[in-house]
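Positions annotated as region 'Disordered' by TrEMBL: 1-81. Residues or ranges marked as compositional bias 'Basic residues' in TrEMBL: 26-36. Taken from TrEMBL, the feature compositional bias 'Low complexity' covers 37-46. What TrEMBL lists as repeat 'PPR' is 154-188, 220-254, 255-289, 290-320, 357-391, 392-422, 424-458, 459-493, 494-524, 526-560, 561-591, 600-634 (among others).
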Amino acid sequence: MSSPSSSAAPPPAANAAHRTSPLRLYPKHSKPRHYRLAAAVAASTRRAGRRSQSWTPPGRRGGAGSIWVNPSAPPRPGATSRTLRRLVELDDLDAALRLLLGGPSTSTPAASDSVPEPPAVITCNILIKKLCSRRRLADAERVLETLKASGAADAVSHNTLVAGYCRDGRLSDAERVLDVARASGAANVVTYTALIDGYCRSSRLADALHLIASMPVAPDTYTYNTVLKGLCGAKQWEEAKELMEEMIGNNCHPNEVTFATQIRAFCQNGLLDRAVELLEQMPQYGCTPDVIIYSTLVNGFSEHGRVDKALELFNTMLCKPNTVCYNAALKGLCIAGRWEEVGELIAEMVRKDCPPNDATFSTLINTLCQNRLVEYATEVLGKMNKYGYMPDVVSYNTIISCLSEQGRVDDALRLLNSMLCKPDTISFNAVLKGLCRAERWCDAAELIAKMFKEDCPLIEMTFNIIIDSLCQNGLVNNAIEVFELMPNYRCTPDIVTYSSLINGFSEQGLDEVAFDLFRSMPCKADIFSYNAVLKGLCTAARWDDAGELIADMVSKDCAPNEVTFNILINSLCQKGLIDRAIEVYEQMPKLLNTMCCQPDAISYNSVLKGLCRAEQWKDAEKLVSEMLRKNCTPNEVTFKYANQLFVSNRTG
């Protein structure tokens, strides 16, 4: 072997290549890469040429290319079905209809000698369902007709269209499709159940019962459950009981839905003991009550004040209670004011890894505020963060309204300013009502300025609060000024606005102004506006106008109520017209009995006051006896006049 030093020197070109790029060095006897690549391409081209000369696919003599690129080639088998499925998946229903029904299409035309593909029934059924959901029922029926023409329509095709017509309330069309399906043997229990459901949704329960009794196929549990739901919704309890007995007699066992449907309906209508009877029957049919059924029962007993029974059910549940079930039990304890037990139950929720949620806190806050325990409600609000919940604007508004109603407007204002979420118009209105009731008009103006600053719009309720408060405080002229500003803030006076103004005018003795405003207001009068103008007419002793107004109320389907007669009787008594007041009072039972209401303590007290003033003691004594006989609970005013009656009898 020669030494490196004795080897032949490379040619100059190689030296140059070596100097410029070591990657250009080649093994001995090799050729540059670009040369090898060019040789490979040339060899491949020669082989392709030989193949094209030596072999032609059968049926393609004289042709060139492949079916993937040749536009004149016939489509692959099933191409139309695949295209249709893709169009339906993409929700391009119009294109799918064109392809299926043979309208204008951009799809590749089939060869003249090809046989049309039968439509894919599953894809077409999905198409029918999507068309029905978009209320394109005529198109859905065209798809069904195409399926029927090819002999591909099945029960699902008919069922889907029947259900679509029923959801749209077109029961006659649903009946027609069912008749066709029955004649062709394509109707099954689902088809009949779809129409039965349509009957129940449209309150045609007699038709539903007739159809379930005349079905040529045996109804299943779902069919019975559908009718049971309709009967329970219509409160036809005995019919529901008979149907369930028929269901069991036909060896069609009820399931959890059967019981849950009826239990929910019973609880919603206060038939709690019947709901428990059904609960106790469930194990006989292999059914286990779930947490939803228990929650429904516990909630029903809680709402009807039967807290001990609610807790008994809660403590004997056959499944683990969830937060909804705990909340239902808490509701009962809150309504009953059993606050110590409320705290214990919340502690149990946390201990059993079922922490309170927004509904828990909302229930607590609402109930505490309804019981005027606003301090405890505020405490609950402060503890929400501890459980990972941020108080929402509804919870804040509940407490702010409670504080405002209790006259604690400064506390309400402080809470408004410390809210952890953005206050809304209701938040501001709640505080505004308290400020207006306290006649703190400057503070009210500052609050409205803050509403503007925080981009919280004024609404009709905002103006109604201000106008009503001004009118109740005798500031009618100021109320008119506020009333005239409403259009500037895109607010339209409503019946509440007009009633407040009418009442304000009546209280100030401006009966003519009140009457004129009443007759000119653009909205329909209600009982409050009628009573407001009646007050002004009676104060002015305009008895004929008052009588005509009451007649107008009756003719306009705005029946007089106890307040109407209280205004009339009290005004007559104040004017010394005791006999006329007694006449009106004696007519009240005849009039009010037809209006589903009875004289209340205020009505009795108005007449009693007049009788005592007129020293008609015997009539007053009869009136008190009648009041007690009719179970109308006396109040402080009643006892005041009864005491006068007692004194008069002793001195007389």
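Keep in mind that glycine also has a Cβ here, set from the backbone N, Cα and C atoms.
What TrEMBL says about a protein is an automatic prediction, not a curated fact.
For the repeat 'PPR' (561-591), the model gives a mean pLDDT of 78.
The DSSP breakdown of the repeat 'PPR' (459-493), given as helix, strand and coil counts, is 27 helix, 0 strand, 8 coil. Long-range contacts of the repeat 'PPR' (392-422) within the same chain, counting only residues at least 6 positions beyond its ends with a Cβ under 8 Å from a Cβ of the stretch, are 358, 361-362, 365-366, 369, 372, 374, 377-378, 381, 384, 428, 430-431, 433-435, 437-438, 440, 443, 447, 454.
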